[in-house]
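S.K.: Quick one: this structure, given as structure tokens, is what I'll be asking you about.
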Amino acid sequence: QLTAASFLRIGQLSNVDLNEDVHELETELPRQHPNEIPHNEKLLSLKYESLDYDNSENQLFLEEERRINHTAFRTVEIKRWVICAMIGILTGLVACFIDIVVENLAGLKYRVVKGNIDKFTEKGGLSFSLLLWATLNASVVMVGSVIVAFIEPVAAGSGIPQIKCYLNGVKIPHVVRLKTLVIKVCGVILSVVGGLAVGKEGPMIHSGAVIAAGISQGRSTSLKRDFKIFEYFRRDTEKRDFVSAGAAAGVSAAFGAPVGGVLFSLEEGASFWNQFLTWRIFFASMISTFTLNSVLSVYHGNAWDLSSPGLINFGRFDTEKMGYTIQEIPIFIFMGVVGGILGALFNALNYWLTMFRIRYIHRPCLQVVEAMLVAAVTATVGFVMIYCSRDCQPIQGSTVAYPLQLFCADGEYNSMATAFFNTPEKSVVNLFHDPPGSYNPMTLGMFTLMYFFLACWTYGLTVSAGVFIPSLLIGAAWGRLFGISLSYLTKGSIWADPGKYALMGAAAQLGGIVRMTLSLTVIMMEATGNVTYGFPIMLVLMTAKIVGDYFVEGLYDMHIQLQSVPFLHWEAPVTSHSLTAREVMSTPVTCLRRIERVGTVVDILSDTSSNHNGFPVVESNPDATQVAGLRGLILRSQLIVLLKHKVFVERANLSLVQRRLKLKDFRDAYPRFPPIQSIHVSQDERECMIDLSEFMNPSPYTVPQVTARDPLHPSILALGLRHLVVVDNRNEVVGMVTRKDLARYRLGKEGLEELSLAQT
């Protein structure tokens with residue numbers, strides 16, 4: 001179905017009416033594999049649940065906390081540090097594995113193709129070489145795409161939007177599973193080796209997060225193995241803290257930037273933060289960089305020289321040769337503006353492309369075909385550009401890994417090939433450090449244009465791949481071009497070193513696409529190993545963000561929005577201040593009595609129309625004069641564990657003591673609580689009574705119904721609440737505020753929009 005016509009339609013998609021009726025959604029879905037899935041971005045999906053970041057401080061929890069003496073408390077602290085060290089070591093090892101495998105496989109592929117091209121340049125018949133290159137790419141990418149599309153679709157893309165959602169408090173299904181990690185690592189190796197315009201840095205962040213979630217639980221649900229360690233950490237509160245450490249360790253392994261990793265976790269993710277957490281996360285990041293460094297140094301044969309701190313090393317920037325003067329600051333700011341505009345263009349194009357993919361390319365087999373098509377096109381574009389380029393440079397003194405001679409004289413190589421015929425990481429370093437005059441401006445201009453569209457088309461394919469390196473590469477190419485044109489204009493003045501402008505261009509382009517400021521400044525500073533560039537890089541990134549935000553939002557936020565995730569930003573929308581809790585809350589609320597019939601509980605949990613996860617518990621007084629005031633809150637997962645362990649007594653003898661449960665019973669069931677359908681309750685048992693007093697949280701957070709919306713936003717986000725009970729002045733439950741009730745209100749083109757909720 002992928003004809004040329006369907007790609008022409010991408011351009012025309014802008015006039016498709018996106019506000020399709022919600023009724024169409026319901027009629028379309030029952031048909032097996034419709035050709036078009038109507039996608040409405042003004043929806044919030046109900047399939048995403050929140051994490052229970054708030055501890056349920058019921059009687060069991062308080063009893064356990066009282067039993068913990070000083071030594072036990074110290075042991076828990078030591079375990080936390082041990083887990084952080086293990087996260088760092090394992091993330092570093094995974095990064096080494098990816099790096100070594102990619103280097104060897106890509107090296108093998110480039111040697112084969114180079115041998116073939118050299119052979120056919122003399123004899124004629126270069127189309128065979130093109131065919132070989134395109135086939136190799138497409139077949140490698142096919143394997144990488146098949147495992148993602150058919151085994152674990154969550155592993156597609158860089159995984160940063162998903163981890164961002166997880167740290168924001170949204171549970172994305174399957175995101176931190178072991179299977180996801182395996183597919184992610186294999187997928188990223190295959191897509192980089194397959195020559196796509198992608199980097200292996202973004203997926204490292206996701207991999208680090210999965211490793212952290214796995215280690216901190218002390219067991220693997222996928223392998224059905226329980227190692228009986230770290231049982232205290234089996235709850236969302238602890239797991240989410242460790243995941244932020246894993247994400248930071250991933251950044252630090254990818255860029256050799258431990259401080260940048262901590263700031264990334266702070267800026268992009270965790271909505272809950274404290275000082276102890278910062279210190280532990282920094283520890284995990286440092287360990288991760290150090291592990292990667294030591295292993296790669298041994299692999300490269302110089303065991304005592306720790307010179308490769310990250311997967312990508314920008315190389316040293318010498319201050320003497322590449323200093324900057326005060327008059328260059330306006331030039332850097334102008335580059336930031338260009339980066340912001342190009343980034344916004346990249347995001348807008350990718351937005352339309354993603355809408356097209358959601359609607360038409362939703363079957364796994366079509367997704368694999370598209371990935372293969374992109375791989376073949378990338379190879380073809382690269383080949384044609386190298387073939388048509390007449391930009392020859394002397395081989396002497398150059399650091400090209402695979403110099404292609406093609407139609408150049410002996411002792412010369414084709415300089416277009418250094419950009420296309422190489423892994424993207426190596427190309428970035430070449431653009432930063434090759435001496436002035438290594439590239440023809442025409443070569444750089446054509447390369448920027450082609451690579452911009454290739455990278456835009458590649459992001460969002462069903463392969464594991466990051467957008468960091470392609471953005472840096474596009475930016476480095478136009479930045480170097482900018483530097484060359486400057487030295488033409490100023491008649492070759494000494495200050496226009498193209499390498500310095502390549503660095504600023506790379507920062508501007510990446511900032512314009514992903515819109516990170518704080519962490520990206522530090523990552524770029526650490527990766528170049530030069531603090532003097534901190535100020536210009538910060539200026540460039542701030543300008544790129546301000547200019548880009550004027551047009552469209554950042555790439556990651558855009559993809560989060562397209563997946564209809566109830567994501568809460570730091571600030572509530574400006575115009576929503578006038579709303580009160582009464583207007584925002586969901587009603588009516590399903591309440592349980594403190595001593596409730598088992599049958600009632602089972603019926604409420606089995607009701608498919610309302611998949612609520614928290615139930616306010618009210619006083620069970622039959623006396624009509626008394627108010628059924630709020631007594632506590634109990635979660636669906638807790639009720640399921642109670643029913644599973646049959647913690648109830650017959651109605652006649654309520655004085656009997658129920659079966660005692662320990663907190664361990666709840667932790668053992670975490671995180672995959674059984675569905676209610678799998679629990680058998682007989683007819684007699686339905687008549688029994690269940691006392692919720694010691695399991696419910698007796699002090700849930702409540703707000704009066706006249707509360708303005710402003711305090712609701714930070715309480716759900718910063719306290720990590722899943723449920724906020726709204727009460728009237730007699731303490732009766734009138735409504736419930738959850739994350740989705742707040743995320744429903746969004747700032748649109750015409751002011752405040754209210755999104756509708758859908759099951760899809």
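Keep in mind that glycine also has a Cβ here, set from the backbone N, Cα and C atoms.
Predicted automatically and left uncurated, TrEMBL annotations should be read as such.
Remember, predicted model here, so these are calculated numbers, not experimental data.
According to TrEMBL, the record shows the following:
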TRANSMEM  81-102  transmembrane segment
TRANSMEM  130-151  transmembrane segment
TRANSMEM  181-198  transmembrane segment
TRANSMEM  242-264  transmembrane segment
TRANSMEM  276-299  transmembrane segment
TRANSMEM  331-353  transmembrane segment
TRANSMEM  368-388  transmembrane segment
TRANSMEM  442-461  transmembrane segment
TRANSMEM  467-489  transmembrane segment
TRANSMEM  501-525  transmembrane segment
TRANSMEM  531-552  transmembrane segment
DOMAIN    696-754  domain 'CBS'
S.K.: Which residues of the chain, 6 or more past the ends of the transmembrane segment (331-353), have a CB below 8 A from one of its CBs?
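M.R.: For the transmembrane segment (331-353), the sequence-distant neighbours (Cβ-Cβ under 8 Å, at least 6 residues beyond its ends) are 10, 13-14, 324, 452-453, 455-457, 459-460, 471, 474-475, 478-479, 482, 486, 501, 504-505, 507-513, 515, 536, 539-548, 550-555, 558, 562.
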S.K.: What is the pLDDT of the domain 'CBS' (696-754) when averaged and given as a whole number?
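M.R.: The predicted confidence over the domain 'CBS' (696-754), as a mean pLDDT, is 83.
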S.K.: Is the transmembrane segment (531-552) packed against any residues at least 6 beyond its ends, judged by a Cβ distance under 8 Å, and which are they?
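M.R.: Apart from its flanks, the transmembrane segment (531-552) reaches 317, 319, 323-324, 328-329, 332-333, 335-337, 339-341, 343-344, 347-348, 351, 503-504, 507-509, 511-513, 515-517, 520-521, 524-525, 558.
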S.K.: What are the DSSP helix/strand/coil residue counts across the domain 'CBS' (696-754)?
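M.R.: Across the domain 'CBS' (696-754), DSSP assigns the residues as follows: 15 helix, 22 strand, 22 coil.
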S.K.: Is the transmembrane segment (467-489) packed against any residues at least 6 beyond its ends, judged by a Cβ distance under 8 Å, and which are they?
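M.R.: Residues packing against the transmembrane segment (467-489) from afar: 158, 197-202, 254, 312, 331, 335, 338-339, 342-343, 346, 419, 424-425, 427-428, 431-432, 436, 439, 441, 444-445, 447-448, 451-452, 455, 458-459, 496-510, 513-514, 555.
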S.K.: Flag the pair the transmembrane segment (368-388) / the transmembrane segment (501-525) as in contact if three or more Cβ pairs fall under 8 Å (sequence separation 6 or more).
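M.R.: With fewer than 3 qualifying Cβ pairs, these stretches do not touch.
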